[in-house]
Amino acid sequence: MNLSNGELTPVIIYSKRTIGEIRDCIAENYGKIKYELPFINAVSVEIPKEKLIKLAQNKAVASISEDAIVSKTPIYPSSKTVSSASFSPADFEPAAFNCAERGKGVGVAVIDTGVTPHYDLIKPENRIIAFKDLIGNKETPYDDDGHGTHVCGIIAGNGYTSLKFMGTAPCANIIAIKALDDNGNGTESDILAALQWSINHRHIYNIRVINLSLGIKIESPYDDDPLVRGANAAVRHGISVITAAGNNGPGKCTINSPGVSPYVITVGAADLTQADSLGGIKVANFSSRGPTLAGDIKPDLIAPGVEIPSLDGKNPKGYAVQSGTSMAAPVVSGAAACLYAMRPRLTPSQVKRILIQDALPIKNENRNAQGRGLLNYKVFLNL
């Protein structure tokens with residue numbers, strides 16, 4: 001971290017023991033605390049740069065990291081009208097998408113730009129069962145970007161309006177946490193606060209899955225990375241964390257954080273637009289590749305991520321087409337919700353093992369592009 005003099009710097013401060021030991025010291029001498037994050041033993045705060053060195057020498061402080069900007073994974077190509085869609089997950093495995101009550105009762109927390117109360121999520125019953133706004137502090141669900149709504153539809157849209165476009169878990173419940181603004185940007189501490197909120201409310205809303213269609217480039221080993229710490233903590237609390245690999249491909253070592261974590265499920269994007277069999281499937285050129293800087297193979301698997309139709313955040317009865325690993329991750333999040341609905345006693349590690357061990361390897365693609373292969377829909381539907 002650059003500790004040169006200047007304006008206020010947003011940072012995340014980790015305590016050696018408890019945040020109570022550093023809370024009062026920070027509030028009295030350094031600045032106002034933005035978030036308390038006990039699940040990773042940290043606080044976020046804006047501090048004058050000239051005071052950072054002194055704070056780092058405090059015996060109660062374990063480490064300090066920059067509170068960096070996190071973004072939704074960029075969309076390639078730009079969003080298009082739904083009439084131009086050439087592929088829907090339901091088209092690839094029609095039998096899988098005719099099964100009733102997939103994901104019923106399972107809560108999926110979507111940490112993103114919010115959610116529009118689209119008919120496919122609120123009719124015939126409202127399945128947006130909770131909304132937390134960390135950006136504007138509003139109580140009514142909204143999405144001023146559209147990214148989060150599209151993601152929610154891929155997970156839990158029930159096709160109410162179209163009678164065609166459905167998510168992988170159309171009976172699952174959505175817990176939408178707005179941690180990204182109208183440009184799809186937030187801070188690491190915003191994401192961490194959303195993870196903390198999800199953990200705190202996991203029993204109330206039966207949150208078994210967290211979807212993170214977002215990330216940040218990482219240029220050093222992940223051990224001290226804030227998002228990795230937060231995602232790992234959520235997994236330890238019994239929640240499967242599923243994250244987009246990133247759209248930084250096709251170069252190697254381009255996986256975003258927190259997707260570099262060995263404990264989360266990291267999803268790359270498959271291009272099925274020209275496919276009528278496994279032989280016609282390929283990894284999308286933009287999809288980030290592994291290995292991680294620690295040498296781990298990533299992504300863990302791939303899922304459809306090119307020209308995916310889902311809910312339009314600007315029209316509660318409309319649909320839009322988007323591409324990116326942001327679209328691939330929620331396909332897997334819905335699959336995980338289906339597994340939890342069928343087998344509630346599963347752990348995150350078991351869900352990860354089930355999803356990747358039965359993935360379908362793609363010809364002419366290496367492990368650091370496809371992981372174990374394409375998500376196998378038949379596995380999570382027990383067909």
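The backbone N, Cα and C atoms fix where each Cβ goes, glycine too.
Automatic, uncurated: that is what TrEMBL annotation is.
TrEMBL has this to say about the protein:
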{"type": "ACT_SITE", "residues": "D112", "note": "active site, charge relay system"}
{"type": "ACT_SITE", "residues": "H147", "note": "active site, charge relay system"}
{"type": "ACT_SITE", "residues": "S326", "note": "active site, charge relay system"}
{"type": "DOMAIN", "residues": "103-368", "note": "domain 'Peptidase S8/S53'"}
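Location within the structure of each feature annotated in TrEMBL.
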{"residue": "D112", "record": "active site, charge relay system", "Cβ within 10 Å": "30"}
{"residue": "H147", "record": "active site, charge relay system", "Cβ within 10 Å": "26"}
{"residue": "S326", "record": "active site, charge relay system", "Cβ within 10 Å": "34"}
Euclidean distance between Cα atoms of H147 (active site, charge relay system) and S326 (active site, charge relay system), Å: 9
Secondary structure at S326 (active site, charge relay system), reduced by DSSP to three states: helix
D112 (active site, charge relay system) and H147 (active site, charge relay system), distance between Cα atoms, whole Å: 7
Assigned element (helix, strand, coil) containing D112 (active site, charge relay system), judged by DSSP: strand
DSSP three-state assignment (helix, strand or coil) for H147 (active site, charge relay system): helix
